[in-house]
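Asks: Shown below is the structure under consideration.
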């Protein structure tokens, strides 16, 4: 029989988290997954009541520790960094893992444990790049030794932040206030939901990493329905240097935290869908979600 005539075995996907991104991803998997050889085998949420009426009961997973019973090939985390801290190792025992909350990897213990689990069980960790575009270019420049500094600034309305620790008490002192400026490693535990783009940058540039990539968090009262991400790269200086000593770029997109319009879910939801549709370890590579080489077996 012609190989093209052989039915393709669908890749089994589990989704951890049923917030806005999780809902978008689950909806598209149910509607279009079979066309791309993907089968949704479970959805887990810390509050199971949120899935009532929208996720078929047979797909609702009550206990995340029993995920192996669903035999997933890939588990997509779109919940909170705590899930990676608490359950990342267990997930890797049974499946590949797509981390939608890369700020979790700022914790060195978590990163080490995931590396060990990946090597031991032969499963791979993939990382969502979120709003970080040009991720491949950053990685190539870093690998070539041409990246001296990397700075990522994220600005949005103060109501768009979900801050913890000392930053939780931070207040805007004017129309535009810098809440944090420093190493991304220090920012991630204080703003776990608002630092994922910066964490993705730190992972894309391992020579700098979480300690040398600079993250800046800005509260801007004028940004009522969007957030703005600025990425600034600095390359080598001098006569032998590349022609691009400093490159600032900016991206503006709707803010999911503030917007009530369902259509504004599309930018992030589409990115996650692209990653699951073509997971690098399971088929065609996806530029949206480059794998984490250090966490690949």
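Any Cβ shown, glycine's included, is placed from N, Cα and C.
Pulled from Swiss-Prot, these are the listed features:
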{"type": "MOD_RES", "residues": "24", "note": "phosphoserine"}
{"type": "MOD_RES", "residues": "172", "note": "phosphoserine"}
Asks: Taking every protein chain in this structure into account, which of the modified residues 24, 172 has the most other Cβ atoms within 10 Å of its Cβ?
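Replies: Of the modified residues 24, 172, the highest Cβ count within 10 Å belongs to 24.
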Asks: Distance between residue 24 (phosphoserine) and residue 172 (phosphoserine) at the Cα atoms, whole Å?
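Replies: Cα of residue 24 (phosphoserine) to Cα of residue 172 (phosphoserine) measures 33 Å after rounding.
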Asks: Where does residue 24 (phosphoserine) sit in DSSP terms: helix, strand, or coil?
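Replies: Once the DSSP labels are grouped into three classes, residue 24 (phosphoserine) ends up as helix.
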